[in-house]
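Per Swiss-Prot, the features are:
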type	residues	note
ACT_SITE	271	active site, proton acceptor
BINDING	40, 66, 67, 68, 69, 70, 71, 72, 95	ATP binding site
BINDING	125, 200, 215, 218, 220	Ca(2+) 1 binding site
BINDING	242, 243, 245, 248	Ca(2+) 2 binding site
DOMAIN	2-133	domain 'DAGKc'
């Protein structure tokens with residue numbers, strides 16, 4: 001792999017003392033691969049490190065962390081307007097790793113690193129909310145959002161993605177739907193939603209397949225709404241198929257407009273955004289990402 005160009009790894013501070021990662025990087029450096037490592041400490045670090053990556057001339061910026069880290073790095077990359085932006089590499093080190101998991105990124109650190117450095121760079125979509133905030137994986141609203149934002153950090157650290165399910169079951173007594181209206185291309189729905197998923201990717205909340213048919217290079221966002229009493233399918237990986245369940249509503253569009261009579265909260269790759277009006281649109285081919293050749297999220 002010695003002929004591959006340099007990469008810069010932006011590592012979430014929580015993983016700074018990851019000894020297996022240190023060993024994997026050392027082995028690759030011994031093979032002649034140049035890998036710069038930068039550790040995030042506060043919001044805005046990812047943007048600064050992407051700027052540094054441009055100055056260094058690296059061809060890949062690797063996001064080492066969970067969905068939030070991937071979001072920060074990818075958002076910084078798509079803001080590059082002059083010249084060709086570095087490709088995005090994925091190194092899943094977070095609690096849930098929903099985007100990387102659904103994209104087929106290897107769990108083994110050495111294999112994930114090699115893919116992030118040497119894999120084929122494919123153009124993929126991102127999404128933007130209210131012309132400001134971006135997400136690469138999914139926007140979720142309703143009860144599921146409250147669970148993912150309220151799950152204690154110690155529980156997530158101990159149990160990983162399963163912690164969301166356990167905390168959700170503990171909070172079943174607080175279950176209330178969000179009334180809203182959603183419009184898209186050839187789509188209109190109004191009612192009470194327990195869970196809303198608008199996906200560029202397929203899963204959120206620690207492995208829940210909220211948008212099981214979503215693709216990251218089709219120029220569309222997938223929508224899934226859970227209504228009525230159908231919370232459990234959202235928590236248990238959608239046990240019932242949407243084609244025979246009237247309480248699961250699906251849609252696809254390049255954009256969605258959401259209006260609510262009261263404030264609701266969406267979780268964008270782990271970051272909450274509250275309001276009553278949301279305009280969500282896809283950004284086709286917004287960045288290049290190094291993915292496995294059999295990535296299930298590609299058409």
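Residue positions begin at 1 at the first shown residue.
Cβ atoms here come from the backbone N, Cα and C positions, even for glycine.
Overlay of Swiss-Prot feature records on the structure.
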{"residue": "67", "record": "ATP binding site", "DSSP class": "helix"}
{"residue": "95", "record": "ATP binding site", "DSSP class": "coil"}
{"residue": "125", "record": "Ca(2+) 1 binding site", "DSSP class": "strand"}
{"residue": "200", "record": "Ca(2+) 1 binding site", "DSSP class": "coil"}
{"residue": "215", "record": "Ca(2+) 1 binding site", "DSSP class": "coil"}
{"residue": "220", "record": "Ca(2+) 1 binding site", "DSSP class": "coil"}
{"residue": "245", "record": "Ca(2+) 2 binding site", "DSSP class": "coil"}
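Using Cα positions, the member of the binding-site residues 40, 69, 71, 245 nearest to residue 200 (Ca(2+) 1 binding site) is identified as 71. Taking every pair among 40, 66, 67, 68, 69, 70, 71, 72, 95, the residues listed as contacting ATP, the largest Cα to Cα separation comes to 17 Å.
Calculated from their C-alpha atoms, the gap between residue 245 (Ca(2+) 2 binding site) and the residue listed as 'active site, proton acceptor' amounts to 30 Å. Same-chain neighbours of the Ca(2+) 1 site beyond 125, 200, 215, 218, 220, judged by a C-beta within 8 angstroms of the site's C-beta center, are, in sequence order, 214, 216, 217, 219, 221, 222, 282, 284.
Look at residue 40 (ATP binding site): DSSP puts it in coil. For residue 67 (ATP binding site), the nearest of the recorded positions by C-alpha distance turns out to be 271; the candidates were 215, 220, 271. Within 10 Å of residue 248 (Ca(2+) 2 binding site), judged by CA to CA distance, lies none of the binding-site residues 40, 71, 95, 218. Other than 40, 66, 67, 68, 69, 70, 71, 72, 95, the residues of this chain whose Cβ falls within 8 Å of the Cβ centroid of the ATP site are, in sequence order, 12, 63, 65, 73, 94, 269, 270. Between the CA atoms of residue 125 (Ca(2+) 1 binding site) and residue 95 (ATP binding site) there is a gap of 24 Å, rounded to the nearest whole number. Mean per-residue pLDDT, taken over the domain 'DAGKc' (2-133), amounts to 95. When the recorded positions 40, 69, 71, 271 are compared by Cα distance to residue 220 (Ca(2+) 1 binding site), the shortest distance belongs to 71. Taking only the Cα positions, the spacing between residue 215 (Ca(2+) 1 binding site) and residue 271 (active site, proton acceptor) is 22 angstrom.
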